[in-house]
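Noted in TrEMBL for the protein shown:
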- 615-647: coiled coil (COILED)
- 136-162: transmembrane segment (TRANSMEM)
- 182-209: transmembrane segment (TRANSMEM)
- 215-234: transmembrane segment (TRANSMEM)
- 241-258: transmembrane segment (TRANSMEM)
- 270-289: transmembrane segment (TRANSMEM)
- 309-332: transmembrane segment (TRANSMEM)
- 344-363: transmembrane segment (TRANSMEM)
- 383-403: transmembrane segment (TRANSMEM)
- 423-441: transmembrane segment (TRANSMEM)
Amino acid sequence: MLQRLLLVFFGVVFAIVFGHTSVAQPTITIRDAKSSKVSESFNTRLNKSVSFIVCTTDSAGAPIVGSKIVSTIISGPGGYGATFSHDSLKTNRRGEALITFLPAKGDGRYLIKIYAEYKIRQTAAVVQVDVKERRWVWLLFVGLVGGLAFFFLGLEMLSNGLKKLSGGRMRTMLTTLTKNRIMGAGLGSLLTMIFQSSTATSVMLVSLVESKLMQFRQTIAILLGAALGTSLTMQLIAFKITSYSLFFVAIGFIITLIGKKQKTKNIGSAILGFGILFFGMDLMATSMAPLRTFEPFIDILSRFQNPILGILAGTIFTALLQSSAAFIGIVITLASQGLISLEASIPLMLGANIGSTVTAIIASAKGGSQAKQVAWSNAIFKIFWVLIVVWIIPQFVNLVYYISPSPEGNVDALMQVVPRQIANAHTIYNVIILILTLPFIDPFARLVERLFPPKVEHVKTMYLEKSLMATPSLALLGAKKEVILVAHQIQDMLNDIILPFFTKEDMLLPQITAAEKQLDKITRAINSFLVELTRQEVNEEEIQEAYLIMYTNNELEQIAELIANNMVNRAAAWIESDHEFSDEGKRELMLYHLQTQKQLSRAIAVFKDFNLEKTKHAEQKYKKFRMQAIELEKQHYQRLKEDVEKSVTSSRTHLELVSSLRVIGSHATNIVRTHLPNLKDDLAAVKAMEGTP
């Protein structure tokens, strides 16, 4: 009997132990019910169910029939009503069970735990279901476009505020700091931070070279520094300060509102733009959150890890946006949402560097050879370095990881770190380029000059034709018409030069300077034309008329130089200052400027069509004009005695303006006086100009 009991006991133990090990351990696989694709992440919209298939297999891969499947919600966005098609169900003969999940009213992410039980064995898997708004695509579009609009608005406001703060100092920096390569590179970085766009910097350099304010070789170091300036902007954007964007908006608005001085308002405008820029980035980041689980978009981004596609996309988008800072800012925003990796961002960054050159090339298309040299030099060295780096992207990525290591296995932490890695990659890339390229500026410049050789510049004139030399009377008529054209352009310069003193804007100053440089060439061409004419067989009356035209031409040239040098420099300094004219002083300057314009108009009228009465009238007007200058100075000194604050601070500029306008009137009157009978016949007075080039 005891033996039988022992046999039963050992039989039960054997059954428990060895029977336990024979029960299959279920393995769970989740598949999409529509596509049969294996996935543990699903998307749906509000009030729309999502179905997935739970497959259970044993260790040999055979389906487990009759395995009990239980679903439960671990976490969700809140709200009530989230349900499953079945609280529990069993797998069919294929080892499958269909689960349908209907989310509640709130959108967001659900984490669902799936349990599979078979006999005494149990295993589990977690399924992620992201529920989006019904109109999530529309909301995404509005958020992206609206955020991008705020981003560009903030960029523009920040740029304008910084440009106004820099004032006339930018002109001085461009002429002095570009003599040294390192200082030039630093200036390029500063300009890009002011403009918030390396594209804008390169376009500005093209226009400065085209207007002869700079030489091509001066711009290369600035262009190299401009790329680094964009990197500094990227470092700023990579900081997670979007949460404080509205704080900066409020501070900037308050400073702009309560600031009395223009400088204070410019500071407020820059801070306001800074806040709006980051507010736009925050809007874009929020609107792009649903894309984190949108498989088609993730597949597209994964293709950018192909260097060719990434570079092409970066080039095209940057060229369209006309700002590498804006495009890389968008890439950083994508990274902050976990949508793009460092590896995928590198080709996009390289493409952005090329794309930033497109606008400058377009701007130089109608310009001279030096303008083309500036635009293409920027493109050539950027394309060259992209072609180098594209072959060593893995090594470059490792260098970035080494400088800014990222935590592993923590997705949220990676989302925080990748934006900084992208900014660091951009900085490292441009620093390396700057260090390696700066010593070779001269040979690089020679290469570009060989590719885009300077054309022989011919001064464009309307009426100076050498074929007219055979008929001196026609040649003199042509020269006279050319001088009249010069006179009308100088009238435009005189009209424009007073505006910066009243508006405190410097937009007209480069145009005035460029116009004078062009007029200088034309006046020289006129003198050369007339000198050549007088060396031919011409009579005494024609010689006298030639010298009369030359004398007028030289007087007009002196007026142009006075406006472009003295008055432009004074205007630049005035714009930079915080000083203002008193109301009375402003009225006097406007009145005296008007009288100067009239005197110049009288001189042009006398030269154009001689009339003795007009000539005498202009001479008489000048006497009153000169006395008016003396009277204005007296009135100004009287205000100084009365200690009128604005008159005290603006005294130097006020007196220099009056003096410059008086000298312009004097040159205009000299033109008039040459037509008076007692001077017109005095050839000795003008023959001294025979050697004028």
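All residue numbers here begin at 1 and follow the chain in the order shown.
Just so you know, glycine gets a Cβ as well, placed from its N, Cα and C.
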Integer average pLDDT (0 to 100) for the coiled coil (615-647): 66
The transmembrane segment (241-258) and the transmembrane segment (270-289) contact flag, 3+ Cβ pairs under 8 angstroms: yes
Same-chain residues near the transmembrane segment (309-332), Cβ under 8 Å, at least 6 residues beyond its ends: 148, 151-152, 155, 196-200, 230, 233-234, 237-238, 281, 284, 303, 340, 344-356, 358-359, 386, 390, 419, 422-423, 426
